[in-house]
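Here is what Swiss-Prot says about this protein:
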type	residues	note
ACT_SITE	His8	active site, tele-phosphohistidine intermediate
ACT_SITE	Glu86	active site, proton donor/acceptor
BINDING	7-14, 20-21, Arg59, 86-89, Lys97, 113-114, 182-183	substrate binding site
SITE	His181	site 'Transition state stabilizer'
Amino acid sequence: MKLVLIRHGQSEWNKLNLFTGWHDVDLSQEGVVEAMTAGKRIKEAGLEFDVAFTSVLTRAIKTLNYVLEESDQMWVPVHKSWRLNERHYGALQGLNKQETAEKYGADQVQKWRRSYDTLPPLLEENDERQAKNDRRYQLLDTHAIPAGENLKVTLERVIPYWMDTIAPEIKEGRRVVIAAHGNSLRALVKFLEGIGDDEIMDLEIPTGVPLVYELNDDLKPVNKYYLDK
């Protein structure tokens, strides 16, 4: 069984080196090219899908659309869930990463970005960036909407969705592609591969490059490779 993961193509805020999180930004032109290239590589590799999953953020949705279009699979059913959203960067969202490092120190910012259990500064209740002000989350219990997340909290929302919704599809023999974000995918990869809390700090997932897992009957990885050529 094969599972394909893809981080969205470069976004406008990736390009500007800003913390993005749940803020909804579009793909940059380079990100569009990355997504289209990913779709072409998937087609060349002969990978076919029966069902697709993505977040409710534009950059991931558009990446998936380009992938399906370029691989001639636009008809594949797509399921969108906030549980596949990027990690919520709290009060860091919209800030420049370099300027934040100069203000708080590179080590502190690295912990905020890569540590498993260090929370970023949280959004204030009345901050206009609060996701509760976004219509796409209007059906969620307000207590479920974060004001900031670390990777641990991100994993705690991603993995139940994997277990309850995505994994059963794979076990039924359906071929799955997931287009999501750097940290929601890091959380899933941590779970699939059993990566330790400290080791996960070093894991980087590139934008717009399909990651193919070959899974056994227990959905444990037996092989993985990037379609980067």
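Backbone N, Cα and C atoms are what each Cβ position is placed from, and that goes for glycine too.
Overlay of Swiss-Prot feature records on the structure.
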{"residue": "Arg7", "record": "substrate binding site", "DSSP (3 states)": "strand"}
{"residue": "Trp13", "record": "substrate binding site", "DSSP (3 states)": "helix"}
{"residue": "Gly21", "record": "substrate binding site", "DSSP (3 states)": "coil"}
{"residue": "Glu86", "record": "active site, proton donor/acceptor", "DSSP (3 states)": "coil"}
{"residue": "Lys97", "record": "substrate binding site", "DSSP (3 states)": "helix"}
{"residue": "His181", "record": "site 'Transition state stabilizer'", "DSSP (3 states)": "coil"}
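If you take the C-beta of Trp13 (substrate binding site) and look for same-chain residues 6 or more apart in sequence within under 8 angstroms, you find Phe19, Thr20, His23, Val25.
Considering other CB atoms within 10 Å as the measure, the emptiest surroundings among the binding-site residues Gly21, Gly182 are those of Gly182. For the pair Arg87 (substrate binding site) and the residue listed as 'active site, tele-phosphohistidine intermediate', the Cα-Cα distance reads 14 Å. Cβ neighbour count for Gln10 (substrate binding site) (all protein chains, 10 Å cutoff from its Cβ): 22.
Within 10 Å of the residue listed as 'active site, tele-phosphohistidine intermediate', as judged by C-alpha distances, the binding-site residues found are Gly182; the full candidate list was Gly21, Lys97, Gly182. Counted within 10 Å of its Cβ, the other Cβ atoms near His8 (active site, tele-phosphohistidine intermediate) come to 31, all protein chains included. The local packing around His181 (site 'Transition state stabilizer'), expressed as other Cβ atoms within 10 Å of its Cβ over all shown chains, amounts to 28.
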